[in-house]
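Chemist: I have a structure here, written as structure tokens, and I will follow up with some questions on it.
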Amino acid sequence: MNGRKYYVALGETGSINAINVTTDGAGANSSSGDRDPNQPRIPQRCSVELITCPSCHIVVSILYINIPTCSSDGSCQCDYVWVKEPTVGKSGQEFCGIRSNHTVQKYHSKTKLVSIDFLYSYSYADAFNIEFTAEGNIYTHEGQAEYHHKGSASGYVESPHFPVAYPSDYGVEHTMRNLDSRGFVQLVFTDFQISPWSYVELINSNGSRLDVFNGNTFRPPIVTSDGPVMVLRFRANDEYPDAGFRAKYTFVNYPEKYWFNKPSTDCGGVVEDLGGAITMMNMANPGYTRNFDCIWLLRSETTYAYETHISVRVAQFEEMGQDSSLEIRQGLTSLSFLLESLTGQQSHKTPQGQEYIISASVGFYIRLQGSFSNKSRLAIVYSTFSYETNTEISRPNGLTPRDSSISNENETSGPELKQELEQTRARGVRRRRGKRKVVTGPGAEDGPSGVGPEPAGLQPAGASCRRVPAPKDRGHPVLNSFPGPADFGSGRRATAVGLRARAVRPAA
């Protein structure tokens, strides 16, 4: 059965036994006489693929296994059985050791395709016995509110292997049940990146439809059931799958169901401009507060691939409520690497935020959970650009890199600085206030030199940032100036060269 593929119907069960397995220890293309006894054994592979229906998954049970681990920590250092899902890069589990029927190990796939590989370099009379079956993609999540603790019981539902792209043909049903018959279920989406031909359907406790959303929705609103049960159904029916979805469910009771300070999600969106600022000011009337839960996906528009890098910096985060938080992640999902996190306790002052620079193909995930008064202010500055190598920035004598970061031509400065600013604008060299960091964490791309990640800190010597002229038919007005990082509320304006921006409107 080596190299074969078998279809497993829903509810069907089968088994795989490895009996009288022999090998010469040198691989399939060598004979025992040709093998050098001093050379390591080359493992051979026996592989079987199992496939089931799009709304099913496969459960693999290791009934018993008789393969030595060759290690003291239990890891598989010699032969092993590898159960994985071929369509997912880093998935699966390795099985080895000496275990009987009393210690059954199981592997639950998340998609319809499973591969079982036996990699061996020794002979076995009876290596293992595996049983497999196909089950439906129906999952139940149960819990209830914790009366004696602040907060409620909660968990997450997501597309398979999120944030890896979901299969093109897939179906699943998640049932979230509050064990308190008088309780309710709340659902908050933190990620929603599906195609227009895929959809998420929400069913109420009485079987009626709460709502349905497809990929044309940037982010669904917060949904609450009318009873103790909510059902989420996800269907993928296209050839262009995306990262998928992720949502947090919470079991609540009365009066939490009505969530009187429920945050508004009618904000955020996809930002693909060449540069600008995301601002939220005057969001509440005097004496009142308003809560918001906003998500922005900051990325470079694929049409303009010459913009190789993207930067972001928090310019203002002031007078926010105590429970407010702001997070910036390197990537486009809530599971991406966290770069910066601010809380309401830090909002009494304007921080000189650190600037983060990453590859434009990676993008940023920005989430604000904020309580706004009429004094609260948020400003996030971003831009896309390309690096220009072998270009030196000339500075007047005695002018430090931080001094030359000033981009406000209206400030009272000496003639040398004004002359340097004019020269800078003529060259298209980008200017910034505050700190700068070239991100070299997980997922970071190579630096502008192309040799490897650039170290954190100021941009490398001998390299400057070049703004490629933007096309004239972008459809957005060119803003000759917008508030600089430290100029909000100060009555000053900072000039930005070559930047375009648009107002970020609430998602439809």
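One is the number of the first residue shown, and numbering goes on along the chain from there.
Placement of Cβ uses the backbone N, Cα and C atoms for every residue, glycine included.
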Chemist: When you check TrEMBL, which of Cys96, Cys294 turns out to share a disulphide bond with Cys267?
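Modeler: Matching partner in the record: Cys294.
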Chemist: Comparing the disulfide-bonded residues Cys267, Cys294, which residue's C-beta has the most other C-beta atoms within 10 angstroms in this structure?
Modeler: Cys294
Chemist: On the 0 to 100 scale, where does the mean pLDDT of the domain 'CUB' (267-392) fall?
Modeler: 88
Chemist: Using DSSP, tally how many residues of the domain 'CUB' (23-135) sit in helix, strand and coil.
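Modeler: Its residues fall into 0 helix, 55 strand, 58 coil.
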